[in-house]
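The structure appears right after this line, and notes come after that.
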Amino acid sequence: MVLAFNAPLAVVVGFVPVVIGYGNGIGAPVAFVAAGVIVALFAAGFTTMARHLPNPGGFYAYITAGLGRVVGLGSSFLALLCYYFMTIGSYAYGGLVLESLVHDTYHGPDIKWWIWVLVLQAVIGTLGYFKLDLSARILSVLLVCEVVIVLVYDACVVAQGGSAGLGVSSFTPHSIFSGSIGIALLYSITCFGGFEATTIFRDEVRNPDRIVPRATYLVVGVVTFMYALGSWVLIQAVGTAKVVAASAADPTGTFMASLETYSGRVAVDLVTVLLNTSIFAAILSSHNITTRYLYNLSADGIVHKSLGTVHGKHGSPHRASLTASAAAFLGMVPFVVLGANPSQLYAVLVGIFGYALILLLLITGVAVPVYLRRNRVAGANSWNSLIAPVLAIAGLAVSVVLATQNFHLLINGSQSLTNSMFAVVYGTFVVGVVMALVYRRTRPAVYARIGRQ
C-alpha cells in the first residue's frame, strides 16, 4: 500500500527527469540518496515512538503527543489538506493519461479527461469501501509489475554500457552541487510521500509492533535505491553531456525515448499501460490515507462521529471512505467547469502536497525527540531519541527554507499564485489551531480526546 503510493514507475518516468533537468543535473542520484538519509534519520525516532504510542493517527497522533493538542489539531488539518490535494491532483493527471492512452495509443474514441476522472473515482470509491486487504492485493500486483519493468530497463542500459560507457561523474562534488540542489532536494523528499502510512494502517495489520518499523525502513530503503539507481541509469543512457538539456525540455519524453532505445518498442507500450496503473495505485493509496485521517478525526470527536464507523462485514472505515470520495468529486467540479488544464492543475496541487509534506515532517521531527526525551520509552536511546532526530530536523529545516524560497518553481506558478497557496497551507494549519483553542474553552471533553492521548 505504502510503496504503491510512491508510484515507482510514475516517479521514474516523470519526477526523475525533472530532478535532473531542473535540479542538480547529473548529481541527481546523490539528491535522492540525501533525501533517503534524511527520511531514514527521521524514521529512527518515528518508529521508536510508534512502538510506544500504538495510535493509528499518523503525523496527527505523534505531533499531538509531542507538542500538544493545539499544534496537533492544526497539523491534522494540514495533513488532511496535503493528501486531499494530492488525491485531486492525481485524479486530474490520471484522467489525462487515460485519455491519451485510449485516444493516442490505441486510437480509440476521444473521451474528455474529466469523464475518465469520473470512471477512476467510481473504481477508487468502490475499492476504498471494502476491506484494506482487497486494495492491498490489487496494489501489490501493480507494484510488482512497475518494479520489474523499471529494473529491466536499468539492466538493459547497464548491459549495453549506456551511451558512452558507464561512469561515476554523478558522484563528484562539482556534479552534486551543480544547478539547483534545493529544487533537487525538494522533489526528492516529495518522492517519499506517504511513508508514514505504515503507522496509519497499524490497526489493520497483524503484529504492528514488529511489522510497522520493518515496513517503514523497507519503504525508505527501496525508494532510495530505486530512484537513485534510476536517475543514474537515465544519465548513463542519455549521456552526461545531453541529459540535463533533454530532461529540461521534455522530462517524460526523455525517459520514453531512452526506454525504446535500450529496451525496445514492446517495453514502451508496456510502460504506457503501466504508467496508468501506477497513477491508479497512487490515487487509491492517497484515497485510503485521506480516509484514515478522516476516520481518526471522527474517532477523536473533531468531525462527525458517523465517519468513525467501521463496516460490520468488511472491517473498513466505509463512511469515511465515501466522504473522501464525495469530497474528491466536489473538489474536481470547479476545475472542470472553469476549463482548467489538468497538467497545470496536477503541478499546482502536487506542489502544495510536497511543500505541506516537508512542513509536516519538520513539525513531526521536532515532536518525536520532545516526546521520547520527556517519557521513558522502551528501546529509546541517545541515537534514536536525540542524535538521529536532531540531524533529521536540521535536514528538514533546510528543506523547508529551500521549499519556501523556490515554491513558485515547485508549483510552476506566478508570485500571486504562490502567495495564495501559502495562505491556503498556513491558513489551514491556523484553522486547526484556533479550533483546538476554542474546544479547550468551550468543549473540554472533545479537546481532551484530540490525538487520543
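The backbone N, Cα and C atoms fix where each Cβ goes, glycine too.
Per-residue confidence over the domain 'Amino acid permease/ SLC12A' (18-439) averages out at a pLDDT of 88. Per TrEMBL, the feature domain 'Amino acid permease/ SLC12A' maps to 18-439.
Within the chain carrying the transmembrane segment (31-50), a Cβ under 8 angstroms from the stretch's Cβ atoms is held by residues 19, 23-24, 62, 65-66, 176, 181, 184-185, 187-189, 191-192, 195-196, 199, 202, 212-213, 216-217, 220-221, 223-224, 227-228, 231, 361, 364-365, 368-369, 371-372, 377, 379-380, 383-385, 388-389, 391-392, 395-396, 399, all 6 or more beyond its ends. Annotation source TrEMBL lists transmembrane segment at 31-50 (among others).
Beyond the transmembrane segment (70-93), the same-chain residues lying 6 or more positions past its ends with a Cβ under 8 Å from any Cβ of the stretch are 57-61, 63-64, 113, 117, 120-121, 193, 279, 282-283, 286-287, 289-290, 293-294, 296-297, 302, 324, 327-328, 331-332, 335, 340, 342-343, 345-350, 352-353, 356-357, 359-360, 363-364, 367, 424-425, 428-433, 435-437, 439-440, 450-451. Here TrEMBL flags 70-93 (among others) as transmembrane segment.
Counting residues 6+ beyond its ends, the transmembrane segment (113-132) has Cβ neighbours under 8 Å at 1, 91-92, 94-96, 98-99, 102, 138, 201, 204, 280, 283-284, 287-288, 291, 311, 314-316, 318, 321-322, 324-325, 328-329, 332, 336, 342 in the same chain. Under the heading transmembrane segment, TrEMBL lists 113-132 (among others).
Annotation comment: TrEMBL describes 139-162 (among others) as transmembrane segment.
Long-range Cβ contacts of the transmembrane segment (174-195) within its own chain (Cβ-Cβ under 8 Å, at least 6 residues beyond either end) map to 2, 5-6, 11, 15, 18-19, 22-28, 30-32, 34-36, 38-39, 43, 86, 216, 219-220, 223, 227, 244, 285-286, 289, 350, 353-354, 357-358, 361, 398-399, 402-403, 405-406, 409-410. TrEMBL lists 174-195 (among others) with the feature transmembrane segment.
The transmembrane segment feature in TrEMBL is assigned to 215-235 (among others). Remote same-chain residues near the transmembrane segment (215-235) are listed as 2-3, 6, 8, 11-12, 15-17, 19-20, 26, 28-33, 35-36, 39-40, 43, 46-47, 50, 147, 150, 153-154, 157-158, 162, 170, 188, 191-192, 195-196, 198-199, 243, 247, 254-255, 258 (criterion: CB distance under 8 Å, separation of at least six residues from the stretch ends).
With a cut-off of 8 Å between Cβ atoms, the residues of this chain six or more beyond the transmembrane segment (266-284) that come close are 4-10, 13, 87, 90-91, 93-94, 97-98, 101, 105, 120, 123-124, 127-128, 135, 138-139, 142-143, 145-146, 149, 152-153, 256, 259-260. Feature annotation from TrEMBL assigns transmembrane segment to 266-284 (among others).
Here TrEMBL flags 320-340 (among others) as transmembrane segment.
Beyond its flanks by at least six residues, the transmembrane segment (346-371) meets 39, 42, 45-46, 48-49, 53, 59, 62-63, 65-67, 71, 75, 78-79, 81-83, 85-86, 88-90, 92-93, 96, 186-187, 189-190, 193, 196, 377, 385-386, 389-390, 392-393, 396-397, 399-400, 403-404, 407, 410-413, 417, 421, 424-425 of its own chain at Cβ-Cβ distances under 8 Å. What TrEMBL records for 346-371 (among others) is transmembrane segment.
Annotation source TrEMBL lists transmembrane segment at 383-402 (among others).
Residues annotated as transmembrane segment in TrEMBL: 422-439 (among others). Sequence-distant contacts of the transmembrane segment (422-439) (same chain, at least 6 residues past either end, Cβ-Cβ under 8 Å): 69-78, 81, 302, 352, 355-356, 359, 407, 446-447, 450.
Sequence-distant contacts of the transmembrane segment (383-402) (same chain, six or more residues past either end, CB-CB distance under 8 Å): 34, 37-39, 41-42, 44-45, 48, 182-183, 185-186, 189, 358-359, 361-362, 365-366, 368-369, 372-373, 377.
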